[in-house]
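Down below is the structure, laid out as structure tokens.
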Amino acid sequence: MESITTGWQVISLCGVALWIVISSKLKVTQKLRSCTQPWICQRVISGTPIVIRIQKYQHRCLDAFFSGLSCVVSVPFYTAFLPLLFWTGHCKLARQMTLLIAFCDYTGNCIKDVVSAPRPQTPPVRRITATKDEEDNAMEYGFPSSHTLNTVCLSGYLLHYVLDYSESNDLSIRVAGIILACLVVGLIGFGRIYLGMHSLIDIIGGLALGLGILAIWLSVSEYIDNFVVSGQNVVSFWAALCFLLLFAYPTPEVPTPSFEYHTAFNGVSLGIVIGIHQTFNQFHHEDVARVFSPQLALPAFVGRLLLGIPTILLVKFCSKALAKWILPIFSNTLGIPVRSTSYIPNLNGTDKKSDILKQLLQYAGLAWSVVDLFCLCAVWVEVGPRYIPFSLLFHFCCILVGLRFWCYIIFMHIHC
């Protein structure tokens, strides 16, 4: 059984590596782009009158409403929302939604950069970018709509989880849930057109791709969850997969923020998988206390927030400093420039904020702190050290010693 498990992992990684080589040699990205880009661009141009017609009803209240709604389903919102979901005790929902959005983000951004189709031209279209995140989004290509794609997948999976968790067989509740999910998706899609961020073909593409990904995810989610929780070689396999996916990402016509968005969630998925796999039996099993239950009342949940937010901010700072210091040394020692197509710059002596591997490690450390380090701290605070098993105490002490050691190394390196 162990050889079978190892076998499919090796085959999967070799398949991704083989695809990287073949797609590079045969210039698959360029050939796909030459086939799809003209057709999509033509639909974007022909759909411009629809966008202008919708924007004739512009009003500052509608501007604020659709801008706020777009922020609620944006990647930064999910980055802030998912840790809270873990701390509520709904661990399975949190880890499934984290991995699902990482999958959606990678797939959607890959297609965007392969097709490299523009957003509606402005002017004549009026584009509303109320936040810095929206300004960054406007720098990406348009097809498909990531907001529509993510909303379809996450609202659909959330509905599936709620109905399954509540064990409700009431048809009216199921119908109401489906109508609510469709309403949210419809408002998001309409809002993206109203804001001038997408044309109709982008929304249709995001909707179709989202439904396809959701159907696939619902059929394989339990297998993935079982593998993450109790599989073999989980950490090594997932780390190798995340690294290969950096190189498998297609090169667009013009560099966009899409790759950095994918890298962030790639790192998040890596940190979540490592943390869940190591501490599932202690903190993330199905019998953990959930918010609003007698075991986790609202004041205790607020205490988790007050403890958790500073913890992950500290880890974010430490992981960024570690990656910034270690990666150039690692690259210089081996004499190997670390690159990924045209994205990852040579790390030999560079100090650019956009270094992709640094970003990957930073977000991996951030996600790991949400499901591992924070839980250790929370248990320490809530039940006291006398009630913590010796193995967890040893694990916690190793973490503290490691952080102190690396902080000392960084301090000495800065002042030398």
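Cβ atoms here come from the backbone N, Cα and C positions, even for glycine.
Annotated in TrEMBL:
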- 94-218: domain 'Phosphatidic acid phosphatase type 2/haloperoxidase' (DOMAIN)
- 6-24: transmembrane segment (TRANSMEM)
- 64-87: transmembrane segment (TRANSMEM)
- 175-194: transmembrane segment (TRANSMEM)
- 200-220: transmembrane segment (TRANSMEM)
- 227-249: transmembrane segment (TRANSMEM)
- 296-315: transmembrane segment (TRANSMEM)
- 360-381: transmembrane segment (TRANSMEM)
- 387-411: transmembrane segment (TRANSMEM)
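Sequence-distant residue pairs (6 or more apart) of the transmembrane segment (200-220) and the transmembrane segment (175-194) include at least 3 whose Cβ atoms are under 8 Å, placing the two stretches in contact. Most Cβ pairs under 8 Å with the transmembrane segment (6-24) belong to 227-249, among the candidate stretches 64-87, 175-194, 227-249. Sorting the domain 'Phosphatidic acid phosphatase type 2/haloperoxidase' (94-218) by DSSP state (H, G, I as helix; E, B as strand; all else coil) yields 93 helix, 0 strand, 32 coil.
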